[in-house]
Amino acid sequence: MMVNFIRIILVVLLFFYFQFFPQSRLEAPARPAAPFYEVIGVPTGQTQEQLKQQLHRYIERRHYPPGKEPVIVGVPQVRFIPVYTPLPFYQPNTLSYIAYNKGKDITFFNPFCTCDDQPEVKRIKKAIALQRNSLEKLLVMRSALYNYYLYHDTLPKQLDALTAPFPHNYLSQIPFVQPIHDGRAPALENTGIIYQPERFDPQQAWQTIAEVLRIGGMPEPSIELQPLEIVVYQPSFRMIVYAGPYTVRSYYIGLGAADRTPAGVYFITKKVNQPLSQSKVYGTRGLVLSDTDYAIHGTNDPASIGKAVSKGCIRLHNFQVEEIFSMISIGTKVTITEKAAPGFHQPNAPGFYLKARKDEENPGNVYHWKH
């Protein structure tokens, strides 16, 4: 309720801004966007000169477009963190360096110290956290819009269409508190959430979604992201949420006994808040897989996570399935594979939660998934 109230107030203020400010002021040029922070893992035990040389080789390999070079933040390699690979959804505790101006200006830090009492370290960590959170929100929304288009063959006129009641609840909430506007006034280019469905090109559906929905003042990532998708690695009891090659979230899961969880490619067809069952075995959320009696759901038996004890469904802890429910929209691709998970298990960032609504429940149906 409070988030919706704040959004309404901001929209009203934006309305009066348009009504009473001179048009000449509205047409003032937009300020330059903030830089994008590209986080990469770097090895420990290296000299500063070695790290500089490795950074320069990394920058040459990345081939950034002119004017699109990011600020690069090197973080010390810890367990499971690869080196010299972008980590857009990783929240570091310690820093090795920050590099500006194509790596020419580098400030080094103690990689073994959290150093939150140092203003520059604290500022960089905060900037990374804010960027990561905004990027997660943007990716969740763009993925939902993309999946909406694939089903409806058009984009919604308003973003609120994504928060329709069950069974059309792509998302539980619009994750932004900023006002949403059409971006026609240049002075507002760096403010609010800009939604311009007229920019959409069906021939380049995912690519132009980035033009359709933007956060004012936020630069586009220096990496190429793809719509959110889920991969379940049966031998490893692990489920990973990806955006292209980049890990967004990773969870240990429970699976079906005797290989009852079927390998294959599926899609999320329904999202159910508080799914009903005869014995409350589904936990707090359920995401139904296409063409099957299987679902990704919570559990009333936390000890079953990491084991093959179900009749085929994929189980998570309730707080984890609530995060999945918040991030993943109807239409999301789910691949269940018999391959092992990659050795890199990125630690999850702070949780991403959208409050589920009462109208996302389906009280008239008792589910019989193969739990």
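A Cβ is built for glycine as well, from the same backbone N, Cα and C atoms used for every other residue.
Since we're looking at a predicted model, the values are computed, not measured.
Taken from TrEMBL, the feature active site, proton donor/acceptor applies to H297. The active site, nucleophile annotation in TrEMBL covers C313. Residues annotated as domain 'L,D-TPase catalytic' in TrEMBL: 228-337.
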Sort C313 (active site, nucleophile) into helix, strand or coil using the DSSP assignment. coil
Using the alpha carbons only, what distance in Å do you get between C313 (active site, nucleophile) and H297 (active site, proton donor/acceptor) once rounded? 8
Pick from H297, C313: which of these active-site residues has the biggest number of other Cβ atoms within 10 Å of its Cβ? H297
The domain 'L,D-TPase catalytic' (228-337), counted residue by residue under DSSP: helix, strand, coil: 19 helix, 51 strand, 40 coil
Give, as a single whole number between 0 and 100, the mean pLDDT over the domain 'L,D-TPase catalytic' (228-337). 94
